[in-house]
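As given in Swiss-Prot:
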ACT_SITE  Glu169  active site
BINDING   His168, His172, His178  Zn(2+) binding site
DISULFID  Cys120-Cys261  disulfide bond
DISULFID  Cys141-Cys160  disulfide bond
DISULFID  Cys263-Cys283  disulfide bond
DISULFID  Cys285-Cys294  disulfide bond
DOMAIN    73-262  domain 'Peptidase M12A'
DOMAIN    256-295  domain 'EGF-like'
CARBOHYD  Asn37  N-linked glycosylation site
CARBOHYD  Asn126  N-linked glycosylation site
CARBOHYD  Asn157  N-linked glycosylation site
CARBOHYD  Asn192  N-linked glycosylation site
CARBOHYD  Asn195  N-linked glycosylation site
CARBOHYD  Asn208  N-linked glycosylation site
CARBOHYD  Asn227  N-linked glycosylation site
CARBOHYD  Asn397  N-linked glycosylation site
Amino acid sequence: MCASCLHNANAASFLMETFSRHRLNFICIGKMNIFYNVTSLDNKYSFHNPSAPVPHSSHALSSRQAHFTSFRAPVAPPSRPRRSQLPSSAKLLYCFDSSFSTEKRELMLFSMNFISSQTCVTFEENCSIPNRVQLVNGKGCSSYIGMNNIVQHLTFNDTCIDFGTAVHELMHALGVIHTHSRLDRDNFLNINLTNVSKEMMHNYAIFNQSTNVVPYEYGSTMHYYANISTMFPKKSEYSATLGIGRVTFYDMVILNTAYNCKCPNELLCGNGGYTNPSKCSECICPLGYGGVLCDRPSLIGKDTGLPLEVKDKIIEVKVVGIDNFFSYPTCLINGLEIKYMGDPRITNPIYCSADLINGKSFRSKLNPLLMNIHTLFGKNKVTFHYRYVTERLSGYNKTTNGYDNYEYYD
């Protein structure tokens, strides 16, 4: 069967009054378990004018993209602590500096509320306690890692006004390191330190005292952008996924594990979800799943319909073509993610270049199969063929991610 999906997502028209990172629309395509998920990103914090021509030159970068090419360079002093130090409790004290604009305050408060809605971590404004984070307008976007019993600066200038970057720096203050500083990072990245300047070298240091609690997540908001001369994923299909700034399911798992966030009674959440420690009556679901127990696709919108069950079948998708996708060093502007991997929680490769995905086929270990599109603005079109094959999912072995007990088809 063939399907063509067309979506006009001018985020400015319906999201300018919010700081929401995404808005979800699931549309049932055809008569199989395929769901098309449009994520319209909020361009209140994007540095892009939807009505202006989008540059195609790799040198014509927006402020935020230029910031990615410098890898969100921390500018803390050379004595910046390298060991992750968790705050003594799940409460982070902060104070807004007088230099911090109203817009940045609103974004930071929204980002804090997002983290609190997914974890047991809370934030309290307190400008008198020494052990606090002082949010200041300064050079670049940076934060110490963990708390150090001092008034420490979280620097957030005008190139940082973005939800993913705000969460990134707050997670640093909460003790979370960069993904590419994990002990096992060399299993997933090729890094050429000869091309890294001395002042940037600390950004590539491995934390020997760190503890991994989730699989390596190329899509994490804690991961820097890929650069062929310095850092590139060993799974090359992830080259445009690194650094897009999307806050992932596993990002919040890190915080919940680090702070031992739990509910008195655990719900039986489906599809890899888990009980929300901030609201114990519901589950936190991987992107694309909904319901109180994450037991169904998250259908939002009119006339979405219901899928025809094709139980125990592998679904195959072939992308015929993508149109009006803008390919930059990352899929920051827009991207297509086909959830074909067995773990519904992990970020799959995200594509925004027709040269890399047109004609490419995927066989999914998930049924139903989810397809995610995120976009800042514009009209994106995806045309694909899909079918189910005679091979059965139950013929595959089940495995776990090595960090928890949830099983999925390998």
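Using N, Cα and C of the backbone, Cβ positions are placed for all residues, glycine too.
Among the recorded positions listed (His168, Glu169, His178), Glu169 has its Cα nearest to the Cα of Asn157 (N-linked glycosylation site). Note: the CA-CA distance between Asn397 (N-linked glycosylation site) and Cys261 (disulfide bond) rounds to 31 Å.
Checked against Asn126 (N-linked glycosylation site) by C-alpha proximity, the recorded positions His172, His178, Asn227, Cys263 yield His172 as the nearest. With a 10 A radius on its CB, His178 (Zn(2+) binding site) counts 24 other CB atoms from all the protein chains. DSSP classifies the residue listed as 'active site' as helix under the three-state reduction. According to DSSP, Asn227 (N-linked glycosylation site) sits within a strand segment. Note on the glycosylation sites Asn157, Asn192, Asn195, Asn208, Asn227: the fewest other CB atoms within 10 A surround the CB of Asn208. Helix, strand and coil counts from DSSP across the domain 'EGF-like' (256-295) read 3 helix, 6 strand, 31 coil.
For the pair Cys263 (disulfide bond) and Cys141 (disulfide bond), the C-alpha distance works out to 34 angstrom.
Looking at Cys261 (disulfide bond) and Cys283 (disulfide bond), their Cα atoms lie 13 Å from each other. Shown in sequence order, Cys141, Ser142, Ser143, Leu154, Phe156, Cys160 are the residues of the chain, 6+ apart in sequence, with a C-beta less than 8 angstroms from the C-beta of Glu169 (active site).
Mapped onto three states, the DSSP output places Cys160 (disulfide bond) in helix. The Cα of His178 (Zn(2+) binding site) lies closest to that of Asn208, out of the recorded positions Asn192, Asn195, Asn208, Asn227, Cys294.
Following the DSSP three-state reduction, the secondary structure of Asn208 (N-linked glycosylation site) is coil.
Between the alpha carbons (Cα) of Asn192 (N-linked glycosylation site) and Asn227 (N-linked glycosylation site) lies a span of roughly 10 Å.
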